[in-house]
Amino acid sequence: MGAAASIQTTVNTLSERISSKLEQEANASAQTKCDIEIGNFYIRQNHGCNLTVKNMCSADADAQLDAVLSAATETYSGLTPEQKAYVPAMFTAALNIQTSVNTVVRDFENYVKQTCNSSAVVDNKLKIQNVIIDECYGAPGSPTNLEFINTGSSKGNCAIKALMQLTTKATTQIAPRQVAGTGVQFYMIVIGVIILAALFMYYAKRMLFTSTNDKIKLILANKENVHWTTYMDTFFRTSPMVIATTDMQN
């Protein structure tokens, strides 16, 4: 469960930092009226993920974009080397970005600024917008809890969506492996139990159930060894019976 726990921890940390950065750098607030509302949130293939929407809105879309990027950079910097090693593959799978551990921050910043400053995003004046994510996995017995932070602008929400695509892609890569690993561990345990049971039955049979040949061997082994002189003494102590030939004739 370690990988799933680390993903959930990263998701929580990222959400907290985004909220904090939006508040500090973009004057965002949960009480500010949002120009854009999230209508529906779709996960095309949902395998154990929960979602909540949180409003942290402001009027400064550019500051929102910078705040989200700052939160993402700090969160990435706090990952372990092992966790960072997974990130480039996540970028390729989720955003079709070819990157490396050393350039991932710069590449993500370039992607977000180029994508979220495009006319398709900036000119989107819809007051109610929908968000669509491909798929998300939760670990067995431990659902992944996601939080989409509505910034109130198309730019800010574009950056938030890019981050969510990355985090959900991470769940699709790690959680299924855990399921497979759990199955392997289960069969390993079953095989181990069968082997131990077979050994127990073998020794129990040897101890509790003795074959006829083994019984004979045990009797002979426990029988007193008699010296040959004992047989001589017995012979001479016992008077032999003499049968006369005349008696036989009669």
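Every residue gets a Cβ built from N, Cα and C, even glycine.
Here is what Swiss-Prot says about this protein:
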LIPID     Gly2  N-myristoyl glycine
TOPO_DOM  2-183  topological domain 'Virion surface'
REGION    2-12  region 'Targeting to MV membrane'
DISULFID  Cys34-Cys57  disulfide bond
DISULFID  Cys49-Cys136  disulfide bond
DISULFID  Cys116-Cys158  disulfide bond
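For Cys34 (disulfide bond), the nearest neighbour among the disulfide-bonded residues Cys49, Cys116, Cys136, Cys158, judged by Cα separation, is Cys158. The two recorded residues Cys136 (disulfide bond) and Cys57 (disulfide bond) have their Cα atoms spaced 26 Å from each other.
All protein chains shown were included, and the count of other CB atoms within 10 Å of the CB of Cys57 (disulfide bond) stands at 24. For the pair Cys158 (disulfide bond) and Cys49 (disulfide bond), the C-alpha distance works out to 21 angstrom. Separating the Cα atoms of Cys49 (disulfide bond) and Cys57 (disulfide bond) is a whole-number distance of 25 Å. For the topological domain 'Virion surface' (2-183), the model gives a mean pLDDT of 89. Note on Cys158 (disulfide bond): other Cβ atoms within 10 Å of its Cβ, all shown chains, come to 23. For Cys34 (disulfide bond), the number of other Cβ atoms no farther than 10 Å from its own Cβ, over all displayed protein chains, is 18. Spacing of Cys116 (disulfide bond) relative to Cys57 (disulfide bond) is 17 Å (Cα to Cα, whole number). The 10 Å shell around the Cβ of Cys136 (disulfide bond) contains 25 further Cβ atoms across the protein chains shown. A strand conformation is recorded for Cys136 (disulfide bond) in the three-state DSSP classification.
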